[in-house]
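If you check Swiss-Prot, you get these features:
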REGION    1-265  region 'Amidoligase domain'
BINDING   Ser13, Asp146, Ile147, Glu148, Lys186, Thr187, Lys188, Pro189, Thr190, Gln191, Lys222  CTP binding site
BINDING   Ser13, Lys186, Thr187, Lys188, Pro189, Thr190, Gln191, Lys222  UTP binding site
BINDING   Gly14, Leu15, Gly16, Lys17, Gly18, Ile19, Asp71  ATP binding site
BINDING   Tyr54, Gly351, Phe379, Gly380, Phe381, Gln382, Glu402, Arg459  L-glutamine binding site
BINDING   Asp71, Glu139  Mg(2+) binding site
DOMAIN    290-532  domain 'Glutamine amidotransferase type-1'
ACT_SITE  Cys378  active site, nucleophile
ACT_SITE  His505  active site
ACT_SITE  Glu507  active site
Amino acid sequence: MTKFIFVTGGVVSGLGKGITSASIGLLMKARGYKTTNIKIDPYINYDAGTMNPYQHGEVFVLDDGGEVDLDLGNYERFLDTNLTFEHNITTGKVYSTVIEKERRGEYLGATVQVIPHITDEIKRRIREIAKDYDIVVVEIGGTVGDIESMPFLEAARQMQLEEGRENVAFVHVTYVPKLKVVGEQKTKPTQHSVKELRSLGIQPDAIVARSEDPLEEEARKKISLFTNVPREAVVSAYDVEDTYEVPLLLEREGLGKYLIKRLKLEDREPDLREWEKMVAKYKALKETVEIAIVGKYVKLTDSYLSIKEALKHASVSNDVKVKIRWIEAEDIEEHGTKLLEGVDGIIVPGGFGARGAEGKIMTIKYARENDIPFLGICFGFQLTVVEFARNVLGMKGAHSTEIDPQTPYPVVDLMPEQRNLEKLGGTMRLGAYPVKIKKGTLAYRLYKKELVYERHRHRWEVNPDYIEAFEKAGLVFSGVAGDDERRMEILELPDKRYFIATQFHPEFKSRPMRPAPVFHGLVRAAKEYKQEKNATN
């Protein structure tokens with residue numbers, strides 16, 4: 001019988017419920033149990049696709065084309081698995097289904113209500129995924145007490161009643177602040193948060209107490225007493241240097257063992273050796289390289305979370321720590337490329353719209369002319385084509401029709417199948433598509449195979465009418481779409497140290513033990529470039 005672990009959050013948002021949920025999933029998987037993670041987002045949006053990265057962070061793209069919350073990226077990285085769009089349950093999806101059923105007459109004239117109809121649909125979606133797994137970790141987004149979360153918490157309460165207490169556990173993530181004035185950790189916010197949860201009929205089985213420093217014994221005892229949670233199940237999750245340390249911290253605190261016992265499962269020795277090795281290696285890195293990320297959402301770095309993580313993975317594989325220099329593309333427009341001086345590598349990531357586009361083009365020109373290791377992603381790939389057209393081929397005013405519909409040289413154009421769409425949500429070229437790689441190229445040396453599947457999220461593409469002109473001028477298109485060879489996927493400049501751009505998002509498939517090849521290559525090239533600079537100085 002499938003076991004369920006619900007993870008809720010209290011006091012404030014942004015405590016790291018996603019990392020806690022991913023860590024619990026890893027601890028269960030490390031014990032040999034078939035485990036998956038589900039994220040519940042209580043917003044009314046159907047998916048994360050049309051959300052502003054400033055508000056919500058990055059939109060993570062799955063193999064099946066699902067545009068989902070960034071927490072699913074953490075789940076995939078921690079559990080080394082590929083999830084589906086169904087693993088992200090939103091209020092929008094739930095209500096859509098219920099309203100469709102009502103319109104079809106499936107409720108036989110009943111008054112459709114939150115209980116039972118909405119809660120039944122939530123439970124149905126969770127159970128549908130659970131069929132194939134021993135353990136399902138379900139993170140309920142938001143904070144206990146939010147009006148949006150109520151139906152989901154009620155559905156979770158009902159599931160414990162229906163599945164049996166030994167099959168459903170609740171983990172509550174809270175915040176324990178330390179007031180500088182008195183110098184002690186305060187448990188009152190946690191007490192109130194649990195009180196709120198209990199008023200909804202849910203008694204947490206374990207409490208993950210987030211704090212700056214390790215939880216003091218006095219605070220632990222107090223939380224246990226006032227929340228009716230055993231002392232061994234009050235877990236100290238203090239701030240660590242890197243999120244990949246969290247599973248090891250929770251395991252040391254005994255959370256994995258406690259949940260296994262609570263769910264009446266056989267406790268097995270967790271195999272975390274590879275994970276421990278990876279964390280130790282990352283922490284021990286001394287040598288550094290600095291890589292600039294020039295984007296339009298850099299004020300909220302979570303907008304580029306998967307890129308940050310992919311650089312971390314490539315740090316471990318190259319024995320060098322990456323320091324990121326965050327640069328707003330508009331600042332390049334205003335202050336020039338001097339903001340890039342001294343960097344060992346440059347990334348121009350994805351993004352939509354005109355704001356900052358010229359700054360990104362200036363950045364690409366700087367990388368190309370100064371032979372600095374460079375990686376362009378999605379919009380960064382398209383703007384690399386624009387920069388090359390303008391500054392190498394002399395096509396004055398060349399642009400993407402996304403930015404300038406009247407450009408004399410539309411070197412990047414809307415894909416034909418995108419031309420008559422009325423809806424924005426879920427209509428891009430989304431998800432994993434095959435990419436054919438040409439032998440004898442940088443891309444082939446990185447991937448070491450001729451066919452790869454990478455995740456996409458775009459409407460525009462390189463205009464096939466200009467490909468011949470680009471290739472004559474020395475630009476190599478080393479990867480094309482497996483389903484349409486006129487669709488360009490990877491470009492490179494062979495005469496440069498490392499200059500590559502991809503139409504797809506390689507960061508979405510990067511994993512701690514298997515870094516994305518183009519990121520591994522970028523960090524390696526940045527390391528070699530820095531060594532060269534140091535040798536000549």
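Every residue gets a Cβ built from N, Cα and C, even glycine.
The structure, with features from Swiss-Prot marked on it.
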| residue | record | Cβ neighbours (10 Å) |
| --- | --- | --- |
| Lys17 | ATP binding site | 25 |
| Gly18 | ATP binding site | 25 |
| Ile19 | ATP binding site | 21 |
| Tyr54 | L-glutamine binding site | 12 |
| Glu139 | Mg(2+) binding site | 28 |
| Thr187 | UTP binding site | 25 |
| Phe379 | L-glutamine binding site | 27 |
| Gly380 | L-glutamine binding site | 24 |
| Glu402 | L-glutamine binding site | 19 |
| His505 | active site | 24 |
* Of the recorded positions Ile19, Pro189, Gln191, Glu507, which sits closest to Gln382 (L-glutamine binding site) by Cα distance? -> Glu507
* **Cα-Cα distance linking Arg459 (L-glutamine binding site) and Ile147 (CTP binding site), given in Å to the nearest integer** => 36
* **Sparsest Cβ surroundings (other CB atoms within 10 Å) among the binding-site residues Ser13, Thr190, Gln382** => Ser13
* Sort the binding-site residues Asp71, Thr187, Lys188, Gln191, Phe379 by C-alpha distance from His505 (active site) and give me just the closest. => Phe379
* **Residue among the recorded positions Asp71, Glu507 whose Cβ has the most other Cβ atoms within 10 Å** => Glu507
* Pairwise Cα distance maximum in Å, L-glutamine-binding residues per record: Tyr54, Gly351, Phe379, Gly380, Phe381, Gln382, Glu402, Arg459 -> 23
* Asked: So around the ATP site, Gly14, Leu15, Gly16, Lys17, Gly18, Ile19, Asp71 aside, which residues have their CB within 8 A of the centroid of those CB atoms?
  -> Gly9, Thr20, Ser21, Val173
* Asked: Between Glu139 (Mg(2+) binding site) and Gly18 (ATP binding site), what is the CA-CA distance rounded to a whole number of Å?
  -> 7
* Within 10 angstroms of Lys222 (CTP binding site), Cα basis - recorded positions out of Thr187, Gln191, Gly351, Cys378, Phe381, Glu402 -> Thr187, Gln191
* Asked: If you measure Glu507 (active site) to Gly380 (L-glutamine binding site) at Cα, how many Å is it?
  -> 13
